[in-house]
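> Mind looking over this structure? Questions follow.
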Amino acid sequence: MSSPPLFESREAPKGAKLVHRAFAASVFAGLCCTWIYRASSAASGLGRWAWNGMFAAELVLGFHWICCQAVRWNLTRYSPLPHLLSQRFTHEEELPAVDVFVCTADPVIEPPTLVVNTVLSVMSYNYPTRKLAVYLSDDGCSELTFYALHQASQFAKHWIPFCKRHNIEPRSPDAYFDKPTARPSGQEWESMKKLYEEMKSRIETMAEKGSVPPETRSQHKGFLQWSHHNNVTKRNHQSIVEIVIDGREEDAVDEDGDRLPTLVYVAREKRPQFHHNFKAGAMNALIRASTEMSNGAVILNLDCDMFSNDPDAIRDALCFFLDEQSGHRIAFVQHPQQYFNVTKNDLYGNSPLQTDKVELAGMGGYGAALYIGTGCFHRREALCGNKGRSSQKTANELEEASKVLVSCSYEEGTQWGKEIGLVYGCPVEDVVTGMKIQCNGWKSIYYRPQKEAAFLGVAPNTLEISLIQHKRWAEGLFQIFLSSYCPLVYGHKRLPLGAQLGYCTYLLWAATAFPTLCYLVLAPLCLLQGIPLFPQVSSPWFIPFAYVYGARTIYSLVEGLMCGYTVKGWWNLQRVVLLRRSSSYVFSFVDTVAKQLGLSKASGFAVTAKVVTEDVRRRYEEEVMEFGSSSTTFIIVATVAMVNLFGLVGGIGKWWWVDGGMSLMGLQFGLCSVVVGLNLPVYVALFFRRDDGCLPVDVMFKAVGLASLAACLMAI
């Protein structure tokens with residue numbers, strides 16, 4: 001007799017599906033009408049070029065909208081049933097071993113205290129510690145990070161039993177002590193907080209010094225790896241593998257006498273003459289090292305700034321992998337990227353609820369949930385196949401064997417980065433790896449817990465950092481679209497058509513840049529010159545244009561509100577999407593095309609900063625947009641804002657008094673008004689703010705000058 005299922009799936013109600021599909025069909029009909037109008041009508045002179053530009057923009061944006069509907073076509077939500085897992089596995093020793101990978105790359109941008117908080121949160125899982133191993137990949141090869149990990153291993157002896165005695169949440173010490181929650185009775189809470197503050201102070205003091213003094217190096221043999229004769233630098237160093245806690249040893253216990261989980265520090269070898277393949281290379285090195293040491297059947301990978309917020313997250317994930325009916329086909333279970341520091345109205349659109357609650361769930365409905373690089377549970381077999389290991393080796397033997405596996409030359413002549421492990425050659429190795437796994441016949445699950453988020457990270461708290469992050473993502477995603485891994489080609493007959501189009505929703509972020517710029521620039525400039533780009537209000541052709549824009553906006557707003565956005569939060573998201581498309585994605589598109597043509601070399605992986613000043617943090621919490629630099633990105637943002645302001649003000653002055661003028665230019669007035677409304681924080685930063693987060697004066701002059709030049713050139 002088969003066991004009951006360990007998870008359940010729920011599709012969207014049939015009524016809701018019918019409503020959405022009817023709506024989508026009506027908007028698609030409207031889009032077709034606008035395309036017919038563009039193709040059958042024409043302007044003369046300069047207007048012809050603007051007209052053709054708008055037509056091309058509408059074709060691209062229309063296709064992208066179709067892709068966005070694909071992820072809404074098959075919305076499915078999954079829920080684990082952990083109580084049935086407990087009934088099925090009455091003896092915890094029957095549960096599979098789990099390896100946790102935490103990745104860091106720079107001790108300055110990603111402070112060691114941030115890293116060890118994530119490590120401590122996963123060491124404290126409600127899971128048999130004999131079955132749990134935690135690996136820290138330090139691509140910065142910093143003795144400061146190793147020092148912090150060693151300190152965390154000592155603190156864990158007190159922290160883990162404290163967490164389990166009182167069942168506290170979250171289990172990241174920083175997040176827990178900052179949270180106004182009920183405290184355990186007695187002095188234990190104060191004592192534990194004091195222990196943590198002392199550890200944190202030691203780590204931060206050492207980070208300020210910039211190196212570990214000789215008297216501290218004697219605390220662990222691992223510090224010998226950074227001795228002077230090794231000449232260790234971030235990009236040139238030997239393999240370092242140190243077992244900080246060997247969970248097999250009898251003395252590896254906490255203050256209650258319970259066994260501690262295994263804890264391992266890994267810094268793969270780096271040499272200038274070898275390409276190290278960024279995070280994908282680090283992950284593959286961890287896969288090989290962990291296969292030698294613990295060989296957990298399930299792997300959880302986390303970025304160092306994303307701590308575990310749910311101590312039972314492993315058990316929830318196992319419900320999917322261990323289900324008797326369909327678990328054997330599941331390669332990975334992906335959680336959404338959620339953040340603890342998002343403002344009430346999500347100023348920078350860091351946590352797009354419609355993406356988390358609708359789009360990614362829609363991809364999961366096809367069995368093709370995206371792998372997004374963190375907060376993901378993997379079946380080891382899907383990543384690297386089944387590999388055996390010897391459990392009789394000593395800690396020193398395991399360390400030495402693993403050093404070979406994480407050396408620079410190990411992958412030469414192998415299928416690592418191609419058919420085994422994470423795929424190389426793309427800045428977003430996670431997405432292409434997930435798609436490749438799915439094309440090999442595996443399924444994937446997207447799981448967004450209805451309770452507390454399973455993982456919480458640090459969201460960018462300045463506009464520039466947010467735009468840089470999206471520039472990197474969009475560039476990598478567009479590279480996939482232009483590569484042999486394009487889902488419409490590579491996924492043909494391997495993935496459902498809806499999943500192929502769903503992938504394109506994200507892979508074509510960069511491709512929306514210039515179509516969006518056409519709308520943002522041509523519409524206001526043509527308004528100034530009296531060149532109509534849309535049918536006048538009295539024309540029957542006005543109806544499909546108005547319907548498409550109006551229906552899509554209303555639907556987006558309603559969907560956003562249903563997902564939990566405030567009206568202001570939804571408006572902030574529209575602004576941020578506009579800023580991304582008119583700046584970050586422009587650079588992404590240009591850089592990707594240049595690389596495809598061999599005009600530029602591949603860029604390095606940019607780690608986004610996790611630390612800002614108190615003034616910046618205060619403005620972020622007050623939801624005041626942070627600019628503060630004269631970067632090219634902000635010059636573009638400011639120029640686009642000024643072009644639309646000139647177009648709106650100049651257009652009103654020119655056409656308000658002309659009989660039929662508002663009817664002729666109605667849609668262009670409406671478009672410019674919306675863009676000006678979205679850019680209000682930009683105008684405030686240009687002309688009214690005087691704090692460090694404003695736009696500098698030189699940006700104002702450049703933006704006004706460029707916008708005026710564009711208007712003059714249009715008039716010639």
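Each residue's number is its place along the chain shown, starting with 1.
Using N, Cα and C of the backbone, Cβ positions are placed for all residues, glycine too.
Note that TrEMBL annotation is computational and uncurated.
Values in this document were obtained by computation on a predicted structure and should not be read as measured data.
Straight out of TrEMBL:
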| type | residues | note |
| --- | --- | --- |
| BINDING | Glu110, Asp139 | UDP-alpha-D-glucose binding site |
| ACT_SITE | Asp139 | active site |
| BINDING | Lys279, Asp303 | Mn(2+) binding site |
| ACT_SITE | Asp430 | active site |
| TRANSMEM | 506-528 | transmembrane segment |
| TRANSMEM | 634-657 | transmembrane segment |
| TRANSMEM | 669-687 | transmembrane segment |
> As a test of the contact definition, list every same-chain residue at least 6 positions from Asp303 (Mn(2+) binding site) whose Cβ is closer than 8 Å to its Cβ.
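Asp303 (Mn(2+) binding site) has long-range Cβ partners Val102, Cys103, Thr118, Gly373, Thr374, Gly457.
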> If I take the alpha carbons of Asp430 (active site) and Asp139 (UDP-alpha-D-glucose binding site), what is the distance between them in whole Å?
17
> Once the chains shown are all counted, how many other Cβ atoms turn up within 10 Å of the Cβ of Glu110 (UDP-alpha-D-glucose binding site)?
26
> With a Cβ cut-off under 8 Å, give me the same-chain residues at least six positions beyond the ends of the transmembrane segment (634-657) that come close to it.
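For the transmembrane segment (634-657), the far contacts come to 464, 517, 520-521, 523-525, 527-528, 530, 579, 582-583, 586, 627, 664-665, 668-669, 672-673, 675-676, 679, 682-683, 686, 695, 699-700, 702-704, 706-708, 710-711.
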> To the nearest whole angstrom, what is the C-alpha distance linking Lys279 (Mn(2+) binding site) and Asp139 (UDP-alpha-D-glucose binding site)?
8
> Does Asp139 (UDP-alpha-D-glucose binding site) have same-chain partners at least 6 apart in sequence with Cβ under 8 Å from its own Cβ, and which are they?
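Looking at Cβ-Cβ distances below 8 Å from Asp139 (UDP-alpha-D-glucose binding site), excluding near sequence neighbours, one finds Cys103, Thr104, Ala105, Asp106, Ala267, Arg268, His276, Lys279, Ala282.
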> State the count of C-beta atoms found within 10 angstroms of the C-beta of Lys279 (Mn(2+) binding site), not counting that atom itself.
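Its Cβ shell of radius 10 Å holds 23 other Cβ atoms.
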